[in-house]
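Engineer: Quick one: the structure is below, questions incoming.
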């Protein structure tokens with residue numbers, strides 16, 4: 001389709017609508033009583049807007065930033081309100097636009113005003129999600145990166161289902177704030193060395209000035225940025241906040257946290273680290289690859305040792321994020337494309353696992369795996385959909401996880417056979433941490449319980465997720481092609497990284 005209406009500030013509109021609606025819900029208690037309904041309507045509007053942007057996006061130039069709108073904000077410091085998206089940012093916004101309304105629909109009915117407050121926090125978080133994935137200024141990215149902790153903390157601490165939800169929310173807050181403070185050091189380093197540069201913090205400016213900086217400056221910026229993104233990703237050893245947060249939060253909150261927000265870490269590694277300081281990325285490459293493999297294996301072994309279902313699902317994500325980071329830094333185009341595809345596929349499968357596990361826990365009233373058994377005889381649809389989401393998670397051919405994991409492993413094999421062999425062990429662990437819990441929870445003699453299978457509204461939530469897993473598993477070429485454009489625009493291939501190292505300043 002020929003792009004149209006690209007001068008309309010679509011991205012600013014998409015940030016403003018949920019943010020302003022959240023403010024209205026906070027100010028007017030009477031409106032908050034209908035907050036869930038209002039939030040669903042706003043989320044659907046956002047989905048339509050995201051589709052409009054996608055239809056007007058020039059996919060032939062997928063690696064370039066489009067819909068760029070920039071206004072000077074603090075010109076003395078080179079800070080702008082600048083928004084724009086490449087294919088990766090747009091795909092992540094589309095993923096959020098699909099998951100947010102599903103999370104809102106899946107929210108259990110309860111006290112109307114309390115649930116309206118929860119919906120308001122979701123909308124505010126959604127505004128920051130769009131802002132992060134569409135930011136075209138690093139300071140603007142950083143502000144949203146930090147500000148999103150406010151709604152996220154209250155969604156866990158104030159609306160969590162576990163007895164330790166406040167502690168889990170505080171642990172997440174501390175880890176994330178520490179990462180943000182470290183990243184702030186990188187921004188100060190940039191300002192201290194390039195003060196006076198016009199529009200200094202815009203992506204196009206930084207991608208020109210930083211690659212030519214000295215090795216010391218590049219490494220300082222890279223380390224500070226990478227630490228913040230590694231915490232968010234989450235990578236071993238800075239991952240311990242995730243299992244606590246996921247186990248104590250509502251399943252819907254966990255979907256947004258793991259399915260979307262944690263992808264900010266891998267998104268930042270690609271868009272900020274590799275594009276701005278490729279020389280430093282090259283020097284740190286093998287250290288990060290080792291950490292990625294450790295994350296794959298640690299997450300897999302830890303998941304297999306869990307007795308709590310939600311903690312198990314969260315540890316699977318530690319392993320999956322290891323695959324994503326491996327694909328980003330192993331240094332081959334095919335692995336980089338696979339890592340970006342992995343971000344989308346994992347978003348669908350982990351959303352299914354968390355939501356369906358939540359539906360199960362509503363019925364069984366326990367998160368302990370040992371408290372179940374034989375449930376496929378009572379809730380066959382619930383059991384079947386959980387299995388499909390699990391199989392997509394472990395990369396069964398024909399489902400969404402297969403193509404990205406294959407691409408990452410193929411690209412890794414080309415760069416290092418020993419690393420690829422260690423990563424393959426993670427695939428074996430994945431089969432164990434999905435199939436063994438399924439056997440314990442859903443197979444066996446019929447239990448003496450009387451609980452309903454998935455309701456119509458729950459089927460409404462699960463169906464688009466299952467459909468997405470099937471579509472991406474069978475018809476992956478369009479997404480692979482679009483993300484390949486981002487790969488080609490990123491100094492990610494082994495030869496490109498090496499060249500960047502040789503050309504960087506000393």
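Including glycine, each Cβ sits where the backbone N, Cα and C put it.
Please treat TrEMBL annotations as automatic predictions, because they have not gone through curation.
According to TrEMBL, the transmembrane segment annotation covers 12-31, 38-59, 118-136, 142-161, 173-195, 215-234, 255-277, 283-302, 309-330, 342-361, 381-403, 415-436 (among others). Residues or ranges marked as domain 'NADH:quinone oxidoreductase/Mrp antiporter transmembrane' in TrEMBL: 135-429.
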Engineer: Could you check whether the transmembrane segment (12-31) and the transmembrane segment (415-436) come into contact, where contact means at least 3 Cβ pairs under 8 Å with the two residues of each pair 6 or more apart in sequence?
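Structural biologist: Between the transmembrane segment (415-436) and the transmembrane segment (12-31), which are separate recorded stretches, there is no contact, as judged by 3 or more close Cβ pairs.
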Engineer: Out of 142-161, 173-195, 215-234, 255-277, which stretch touches the transmembrane segment (283-302) the most, going by CB pairs under 8 Å?
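Structural biologist: If we count Cβ pairs closer than 8 Å to the transmembrane segment (283-302), 215-234 scores highest.
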Engineer: Which residues, given as numbers and ranges, are at least 6 beyond the ends of the transmembrane segment (173-195) yet have a Cβ under 8 Å from it?
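Structural biologist: For the transmembrane segment (173-195), the list is 77-78, 138-139, 142, 145-146, 149, 153, 201, 206, 209-210, 213, 217, 220-221, 223-225, 227-232, 238, 240-241.
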Engineer: Residues of the same chain, at least six outside the transmembrane segment (309-330), with any C-beta under 8 angstroms of its C-beta?
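Structural biologist: Answer is 230, 233-236, 239, 242-243, 245-247, 251, 254, 258, 262, 265-266, 269-270, 274, 281, 285, 288-289, 291-300, 302-303, 336, 338-340, 342-343, 346, 350, 353-354, 357, 360-361, 367-369, 393, 404-405, 407-408, 411-412, 415-416, 419, 423, 426, 429-430, 433-434, 437, 441, 492.
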Engineer: Using Cβ atoms and a strict cutoff of less than 8 Å, what residues sit near the transmembrane segment (142-161) while being 6 or more residues removed from its termini?
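Structural biologist: Same-chain contacts beyond the flanks: 114, 117-118, 121-122, 124-125, 128-129, 131-132, 135, 168-170, 172-173, 176-177, 180, 183-184, 187, 228, 245, 248-250, 253, 256-257, 261, 264.
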Engineer: For the transmembrane segment (255-277), could you work out the same-chain residues 6 or more beyond its ends whose Cβ comes under 8 Å from its Cβ atoms?
Structural biologist: 86, 88-89, 92, 95-96, 99-100, 102-103, 122, 125, 129, 132-133, 138, 141, 145, 148, 152, 155, 203, 206-207, 210-211, 213, 218-219, 221-222, 225-226, 228-235, 242, 245-246, 249, 314, 317, 321, 324-325, 328-329, 336, 339-340, 343, 346-348, 350-351, 354-355, 486, 490-492
